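Chemist: Just lifted these from Swiss-Prot, have a look:
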- 1-24: signal peptide (SIGNAL)
- Cys34-Cys58: disulfide bond (DISULFID)
- Cys35-Cys74: disulfide bond (DISULFID)
Amino acid sequence: MKVAVAALAVLLCAMALCSQVFSAPFGADTPTACCFSYVARQLSRKIVADYFETSSQCSKPGVIFQTKKGRQVCANPTEDWVQEYITDLELNA
């Protein structure tokens, strides 16, 4: 009887571990930041410190600007001002 209870406990623990592994996201390419909406108006160039583009795995393309105060703001990559800021940041990097 003790053997059956011990075997059942081991089986339950193994099942719990397996379910956690399979429910976790696969791969290291899981996007960490995606844009679901964009800023409504142009940011002041003076407050923008850096940028990065969202992953291609995100549902919408986006550019995330990092402000000098550490805030992250999503912008539409097709807008002219966004492309100008990216060019300026690249040239001054």
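Using the three backbone atoms N, Cα and C, a Cβ is placed for every residue, glycine included.
Distances, neighbours, how buried they are, the whole picture for these features please.
Modeler: For Cys34 (disulfide bond), the Cβ neighbour count at a 10 Å cut-off comes to 15, with all displayed protein chains included.
For Cys74 (disulfide bond), other Cβ atoms within 10 Å of its Cβ number 18. The DSSP secondary structure for Cys74 (disulfide bond) is strand.
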Chemist: Rounded to an integer, what is the Cα-Cα distance in Å between Cys35 (disulfide bond) and Cys58 (disulfide bond)?
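Modeler: On Cα coordinates alone, these residues lie 8 Å apart.
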